[in-house]
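Going by TrEMBL, these are the annotated features:
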type	residues	note
BINDING	168	substrate binding site
BINDING	198	heme b binding site
BINDING	199, 251, 259	Ca(2+) 2 binding site
DISULFID	41-120	disulfide bond
DISULFID	75-80	disulfide bond
DISULFID	126-328	disulfide bond
DISULFID	205-238	disulfide bond
DOMAIN	31-332	domain 'Plant heme peroxidase family profile'
SITE	69	site 'Transition state stabilizer'
(Lines of atoms letter the chains of each structure in order from A and count residues from 1; the text may use other names and numbers.)
(Lines give C-alpha, C1' and ligand atoms only; values in the text may rest on other atoms or scores of the structure.)
Protein backbone atom coordinates (compact mmCIF):
# COMPACT_ATOMS: atom_id res chain seq x y z
CA UNK A 1 0.00 0.00 0.00
CA UNK A 2 1.45 3.38 -0.99
CA UNK A 3 1.86 6.23 1.50
CA UNK A 4 -1.14 8.20 0.16
CA UNK A 5 -3.53 5.26 0.62
CA UNK A 6 -2.04 4.56 4.03
CA UNK A 7 -2.67 8.14 5.17
CA UNK A 8 -6.26 8.01 3.89
CA UNK A 9 -6.87 4.77 5.76
CA UNK A 10 -5.41 6.22 8.95
CA UNK A 11 -7.60 9.33 8.62
CA UNK A 12 -10.71 7.19 8.17
CA UNK A 13 -9.78 5.07 11.18
CA UNK A 14 -9.16 8.18 13.29
CA UNK A 15 -12.49 9.68 12.24
CA UNK A 16 -14.28 6.43 13.08
CA UNK A 17 -12.57 6.27 16.46
CA UNK A 18 -13.66 9.85 17.12
CA UNK A 19 -17.24 8.97 16.20
CA UNK A 20 -17.17 5.98 18.54
CA UNK A 21 -15.76 8.12 21.34
CA UNK A 22 -18.40 10.79 20.85
CA UNK A 23 -21.05 8.09 20.79
CA UNK A 24 -19.73 6.73 24.07
CA UNK A 25 -19.85 10.16 25.70
CA UNK A 26 -23.39 10.85 24.49
CA UNK A 27 -24.53 7.39 25.57
CA UNK A 28 -23.08 7.89 29.06
CA UNK A 29 -24.71 11.31 29.45
CA UNK A 30 -28.03 10.00 28.13
CA UNK A 31 -28.32 7.59 31.05
CA UNK A 32 -28.90 10.53 33.38
CA UNK A 33 -32.42 11.69 32.63
CA UNK A 34 -35.25 13.64 34.13
CA UNK A 35 -37.73 11.45 36.03
CA UNK A 36 -35.44 8.42 35.81
CA UNK A 37 -37.51 6.69 38.49
CA UNK A 38 -40.88 7.37 36.83
CA UNK A 39 -41.55 3.65 36.40
CA UNK A 40 -39.29 1.99 38.97
CA UNK A 41 -40.21 4.28 41.89
CA UNK A 42 -42.74 6.89 40.73
CA UNK A 43 -43.15 8.53 44.14
CA UNK A 44 -39.41 8.89 44.81
CA UNK A 45 -38.95 12.58 44.06
CA UNK A 46 -42.17 13.55 45.84
CA UNK A 47 -41.15 11.57 48.91
CA UNK A 48 -37.90 13.54 49.02
CA UNK A 49 -39.48 16.96 48.48
CA UNK A 50 -42.25 16.26 51.01
CA UNK A 51 -39.74 15.19 53.64
CA UNK A 52 -37.74 18.34 53.07
CA UNK A 53 -40.79 20.61 53.24
CA UNK A 54 -41.73 18.97 56.54
CA UNK A 55 -38.34 19.00 58.24
CA UNK A 56 -35.96 21.48 56.57
CA UNK A 57 -36.70 24.36 58.93
CA UNK A 58 -36.62 22.36 62.16
CA UNK A 59 -33.65 22.69 64.48
CA UNK A 60 -31.38 25.66 65.22
CA UNK A 61 -30.52 26.31 61.58
CA UNK A 62 -31.73 25.27 58.16
CA UNK A 63 -30.13 22.26 56.51
CA UNK A 64 -30.21 23.90 53.07
CA UNK A 65 -26.60 25.11 53.24
CA UNK A 66 -25.22 21.84 54.70
CA UNK A 67 -27.02 19.76 52.06
CA UNK A 68 -25.76 21.81 49.13
CA UNK A 69 -22.28 21.67 50.67
CA UNK A 70 -22.59 17.89 50.97
CA UNK A 71 -23.51 17.65 47.27
CA UNK A 72 -20.51 19.81 46.37
CA UNK A 73 -18.10 17.75 48.48
CA UNK A 74 -19.50 14.48 47.15
CA UNK A 75 -19.08 15.47 43.50
CA UNK A 76 -15.48 16.64 43.96
CA UNK A 77 -14.29 13.17 45.05
CA UNK A 78 -14.78 10.31 42.56
CA UNK A 79 -17.73 12.17 41.05
CA UNK A 80 -21.28 12.45 42.37
CA UNK A 81 -21.52 8.89 43.70
CA UNK A 82 -22.68 9.22 47.33
CA UNK A 83 -19.28 8.13 48.68
CA UNK A 84 -19.20 11.08 51.10
CA UNK A 85 -21.89 9.29 53.13
CA UNK A 86 -19.87 6.12 53.80
CA UNK A 87 -18.67 5.34 57.33
CA UNK A 88 -15.27 3.81 58.00
CA UNK A 89 -14.33 1.77 61.06
CA UNK A 90 -10.70 2.77 60.51
CA UNK A 91 -11.43 6.50 60.23
CA UNK A 92 -10.22 6.65 56.64
CA UNK A 93 -13.40 7.60 54.74
CA UNK A 94 -14.18 10.89 53.00
CA UNK A 95 -16.25 12.11 55.93
CA UNK A 96 -13.13 11.74 58.15
CA UNK A 97 -11.17 14.22 56.00
CA UNK A 98 -10.61 17.74 57.39
CA UNK A 99 -12.91 19.45 54.83
CA UNK A 100 -15.78 17.15 55.85
CA UNK A 101 -15.49 17.17 59.62
CA UNK A 102 -18.06 19.95 59.86
CA UNK A 103 -20.47 18.48 57.29
CA UNK A 104 -24.03 18.04 58.56
CA UNK A 105 -27.09 16.27 57.21
CA UNK A 106 -25.89 12.65 57.11
CA UNK A 107 -28.76 11.46 59.31
CA UNK A 108 -31.25 13.49 57.29
CA UNK A 109 -30.19 11.79 54.04
CA UNK A 110 -30.20 8.37 55.70
CA UNK A 111 -33.78 8.88 56.95
CA UNK A 112 -34.92 9.69 53.42
CA UNK A 113 -33.09 6.60 52.15
CA UNK A 114 -34.92 4.42 54.74
CA UNK A 115 -38.30 5.75 53.56
CA UNK A 116 -37.37 5.12 49.92
CA UNK A 117 -36.13 1.60 50.66
CA UNK A 118 -39.51 0.81 52.20
CA UNK A 119 -41.26 2.20 49.11
CA UNK A 120 -38.92 0.82 46.43
CA UNK A 121 -36.17 -1.53 47.69
CA UNK A 122 -32.73 -1.27 46.04
CA UNK A 123 -33.89 1.29 43.50
CA UNK A 124 -33.01 4.90 44.38
CA UNK A 125 -29.31 5.67 44.79
CA UNK A 126 -27.80 7.61 47.66
CA UNK A 127 -26.06 9.79 45.07
CA UNK A 128 -29.42 10.85 43.59
CA UNK A 129 -30.82 11.50 47.07
CA UNK A 130 -27.96 13.93 47.77
CA UNK A 131 -28.46 15.72 44.45
CA UNK A 132 -32.23 16.03 44.88
CA UNK A 133 -32.15 17.05 48.55
CA UNK A 134 -29.61 19.79 47.80
CA UNK A 135 -31.88 21.28 45.14
CA UNK A 136 -35.14 20.86 47.06
CA UNK A 137 -33.66 22.25 50.29
CA UNK A 138 -32.49 25.42 48.53
CA UNK A 139 -35.88 25.83 46.84
CA UNK A 140 -37.65 25.34 50.19
CA UNK A 141 -35.75 28.30 51.60
CA UNK A 142 -36.69 30.54 48.68
CA UNK A 143 -33.63 29.93 46.53
CA UNK A 144 -33.32 28.97 42.85
CA UNK A 145 -34.60 25.77 41.24
CA UNK A 146 -32.45 23.74 38.88
CA UNK A 147 -32.92 20.56 36.87
CA UNK A 148 -31.69 17.36 38.51
CA UNK A 149 -31.60 14.50 36.02
CA UNK A 150 -31.35 11.21 37.89
CA UNK A 151 -29.94 7.75 37.33
CA UNK A 152 -26.68 8.14 39.28
CA UNK A 153 -25.36 5.01 40.89
CA UNK A 154 -23.39 4.72 44.10
CA UNK A 155 -19.70 4.11 44.64
CA UNK A 156 -18.25 1.85 47.30
CA UNK A 157 -14.85 3.50 47.70
CA UNK A 158 -14.49 6.39 50.14
CA UNK A 159 -10.99 7.65 50.88
CA UNK A 160 -9.83 10.35 53.31
CA UNK A 161 -6.76 11.30 51.30
CA UNK A 162 -8.72 11.73 48.07
CA UNK A 163 -11.17 14.05 49.84
CA UNK A 164 -8.36 16.09 51.40
CA UNK A 165 -6.63 16.46 48.04
CA UNK A 166 -9.68 17.28 45.91
CA UNK A 167 -12.07 19.40 47.99
CA UNK A 168 -11.07 23.09 47.86
CA UNK A 169 -10.28 24.23 51.41
CA UNK A 170 -11.41 27.67 52.66
CA UNK A 171 -7.73 28.69 52.74
CA UNK A 172 -7.37 28.23 48.97
CA UNK A 173 -5.73 30.89 46.83
CA UNK A 174 -6.87 31.48 43.26
CA UNK A 175 -4.38 29.06 41.70
CA UNK A 176 -5.59 26.24 43.93
CA UNK A 177 -9.24 27.00 43.23
CA UNK A 178 -8.68 27.11 39.47
CA UNK A 179 -6.82 23.78 39.55
CA UNK A 180 -9.30 21.89 41.75
CA UNK A 181 -12.36 23.15 39.86
CA UNK A 182 -10.62 22.50 36.55
CA UNK A 183 -9.93 18.92 37.62
CA UNK A 184 -13.70 18.40 37.72
CA UNK A 185 -14.27 20.03 34.33
CA UNK A 186 -15.62 23.19 35.94
CA UNK A 187 -14.78 26.64 34.58
CA UNK A 188 -13.92 29.94 36.26
CA UNK A 189 -17.53 30.96 35.71
CA UNK A 190 -18.65 27.85 37.58
CA UNK A 191 -16.19 28.70 40.36
CA UNK A 192 -17.69 32.16 40.83
CA UNK A 193 -21.29 30.99 40.63
CA UNK A 194 -20.94 27.95 42.88
CA UNK A 195 -19.14 30.10 45.45
CA UNK A 196 -22.40 32.06 45.54
CA UNK A 197 -23.84 29.25 47.68
CA UNK A 198 -21.98 30.95 50.54
CA UNK A 199 -24.88 33.38 50.57
CA UNK A 200 -26.67 30.99 52.95
CA UNK A 201 -25.56 29.12 56.04
CA UNK A 202 -22.85 29.32 58.65
CA UNK A 203 -19.30 28.17 59.27
CA UNK A 204 -16.94 27.91 62.25
CA UNK A 205 -14.07 30.09 63.38
CA UNK A 206 -11.71 27.21 62.66
CA UNK A 207 -12.31 27.79 58.93
CA UNK A 208 -10.91 31.30 58.95
CA UNK A 209 -9.01 31.91 62.21
CA UNK A 210 -5.65 31.98 60.49
CA UNK A 211 -6.81 35.07 58.58
CA UNK A 212 -7.20 36.85 61.91
CA UNK A 213 -4.30 35.58 63.98
CA UNK A 214 -1.72 33.62 62.00
CA UNK A 215 -1.89 34.51 58.33
CA UNK A 216 1.83 34.23 57.55
CA UNK A 217 5.25 34.31 59.17
CA UNK A 218 5.44 38.05 58.59
CA UNK A 219 1.81 39.21 58.90
CA UNK A 220 -0.58 38.07 61.62
CA UNK A 221 -3.77 39.36 59.95
CA UNK A 222 -4.69 38.88 56.31
CA UNK A 223 -4.29 42.32 54.67
CA UNK A 224 -6.96 41.36 52.14
CA UNK A 225 -9.57 41.21 54.93
CA UNK A 226 -11.37 44.48 55.73
CA UNK A 227 -9.82 45.74 58.98
CA UNK A 228 -13.12 46.85 60.54
CA UNK A 229 -14.71 43.47 59.77
CA UNK A 230 -11.67 41.69 61.21
CA UNK A 231 -11.82 43.74 64.39
CA UNK A 232 -15.51 42.91 64.80
CA UNK A 233 -14.86 39.20 64.36
CA UNK A 234 -12.04 39.27 66.91
CA UNK A 235 -14.11 41.16 69.47
CA UNK A 236 -17.41 39.33 69.11
CA UNK A 237 -16.92 35.95 67.43
CA UNK A 238 -13.50 34.37 66.92
CA UNK A 239 -11.72 35.60 70.03
CA UNK A 240 -8.67 33.35 69.76
CA UNK A 241 -6.74 31.26 67.25
CA UNK A 242 -7.82 28.12 69.08
CA UNK A 243 -11.57 28.74 68.81
CA UNK A 244 -12.88 25.77 66.85
CA UNK A 245 -16.53 25.85 67.85
CA UNK A 246 -17.99 29.35 67.55
CA UNK A 247 -20.46 29.64 64.66
CA UNK A 248 -20.18 32.56 62.24
CA UNK A 249 -22.40 33.62 59.35
CA UNK A 250 -20.85 33.41 55.89
CA UNK A 251 -23.15 36.22 54.70
CA UNK A 252 -23.80 38.31 57.84
CA UNK A 253 -27.33 39.69 58.05
CA UNK A 254 -28.51 37.71 55.05
CA UNK A 255 -27.57 34.10 55.78
CA UNK A 256 -31.13 32.82 55.30
CA UNK A 257 -31.66 34.57 51.96
CA UNK A 258 -30.31 33.24 48.68
CA UNK A 259 -29.31 36.56 47.15
CA UNK A 260 -26.45 38.66 45.81
CA UNK A 261 -25.36 39.94 49.22
CA UNK A 262 -22.43 37.50 49.37
CA UNK A 263 -20.85 39.00 46.25
CA UNK A 264 -21.29 42.54 47.56
CA UNK A 265 -19.45 41.58 50.73
CA UNK A 266 -16.65 39.97 48.71
CA UNK A 267 -16.15 43.25 46.84
CA UNK A 268 -15.98 45.06 50.20
CA UNK A 269 -13.23 42.63 51.31
CA UNK A 270 -15.64 41.05 53.78
CA UNK A 271 -15.80 37.56 52.35
CA UNK A 272 -15.28 35.22 55.29
CA UNK A 273 -12.83 32.79 53.73
CA UNK A 274 -9.51 33.28 52.01
CA UNK A 275 -11.07 31.42 49.06
CA UNK A 276 -13.77 34.11 48.88
CA UNK A 277 -11.16 36.85 48.79
CA UNK A 278 -9.20 34.91 46.15
CA UNK A 279 -12.01 35.45 43.65
CA UNK A 280 -11.09 39.13 43.47
CA UNK A 281 -7.41 38.48 42.70
CA UNK A 282 -8.09 37.44 39.11
CA UNK A 283 -9.36 39.99 36.60
CA UNK A 284 -11.76 37.57 34.90
CA UNK A 285 -13.47 36.37 38.10
CA UNK A 286 -13.52 39.89 39.52
CA UNK A 287 -15.37 41.09 36.41
CA UNK A 288 -17.85 38.23 36.77
CA UNK A 289 -18.58 39.26 40.35
CA UNK A 290 -19.11 42.88 39.35
CA UNK A 291 -21.41 41.79 36.52
CA UNK A 292 -23.46 39.70 38.96
CA UNK A 293 -23.74 42.53 41.48
CA UNK A 294 -24.84 44.94 38.77
CA UNK A 295 -27.35 42.46 37.37
CA UNK A 296 -30.62 41.06 38.63
CA UNK A 297 -31.20 38.32 41.16
CA UNK A 298 -33.15 36.44 38.50
CA UNK A 299 -30.09 36.44 36.22
CA UNK A 300 -27.96 35.13 39.09
CA UNK A 301 -30.47 32.36 39.80
CA UNK A 302 -30.43 31.19 36.18
CA UNK A 303 -26.65 31.20 35.97
CA UNK A 304 -26.27 29.47 39.34
CA UNK A 305 -28.75 26.81 38.23
CA UNK A 306 -26.70 26.04 35.11
CA UNK A 307 -23.52 25.59 37.14
CA UNK A 308 -25.29 23.36 39.64
CA UNK A 309 -26.66 21.24 36.80
CA UNK A 310 -23.15 20.95 35.38
CA UNK A 311 -21.58 20.04 38.73
CA UNK A 312 -24.26 17.41 39.34
CA UNK A 313 -23.08 15.43 36.31
CA UNK A 314 -19.38 15.33 37.25
CA UNK A 315 -17.96 11.82 36.71
CA UNK A 316 -21.28 10.15 37.49
CA UNK A 317 -21.65 6.38 37.55
CA UNK A 318 -24.59 5.22 35.43
CA UNK A 319 -25.90 2.09 33.77
CA UNK A 320 -23.93 -0.94 34.93
CA UNK A 321 -21.28 1.11 36.75
CA UNK A 322 -21.56 1.45 40.50
CA UNK A 323 -24.28 -0.03 42.72
CA UNK A 324 -27.43 0.96 44.60
CA UNK A 325 -26.46 0.94 48.27
CA UNK A 326 -29.37 0.03 50.55
CA UNK A 327 -27.85 1.86 53.53
CA UNK A 328 -26.05 5.04 52.51
CA UNK A 329 -23.48 4.88 55.29
CA UNK A 330 -22.46 1.28 54.56
CA UNK A 331 -20.20 0.67 51.57
CA UNK A 332 -21.12 -2.96 51.13
CA UNK A 333 -24.88 -2.64 51.65
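Counting begins at 1 with the first residue displayed.
Note: Cβ is positioned from N, Cα and C throughout, glycine not excepted.
As the structure is a computational prediction, the values presented were derived from the model and not from experiment.
For residue 80 (disulfide bond), the same-chain residues lying six or more positions away in sequence with a CB closer than 8 A to its CB are 71, 74, 127, 130, 131, 152, 311, 312, 313, 314, 315, 316. Per-residue confidence over the domain 'Plant heme peroxidase family profile' (31-332) averages 95 (mean pLDDT, predicted model). Nearest by CA distance to residue 69 (site 'Transition state stabilizer'), out of the binding-site residues 168, 198, 199, is 198.
Same-chain residues at least 6 positions away in sequence with a Cβ under 8 Å from that of residue 199 (Ca(2+) 2 binding site) are, in sequence order, 250, 251, 254, 255, 257, 258, 259, 260, 261, 262.
Cβ environment of residue 238 (disulfide bond): 205, 208, 209, 212, 246, 248 lie under 8 Å away, each six or more residues apart in the same chain. Excluding the listed site residues 199, 251, 259, the same chain places 196, 198, 200, 254, 255, 257, 258, 260, 261, 262 with Cβ atoms within 8 Å of the centre of the Ca(2+) 2 site Cβ atoms. Other C-beta atoms found within 10 angstroms of the C-beta of residue 126 (disulfide bond) number 31, with every protein chain shown included.
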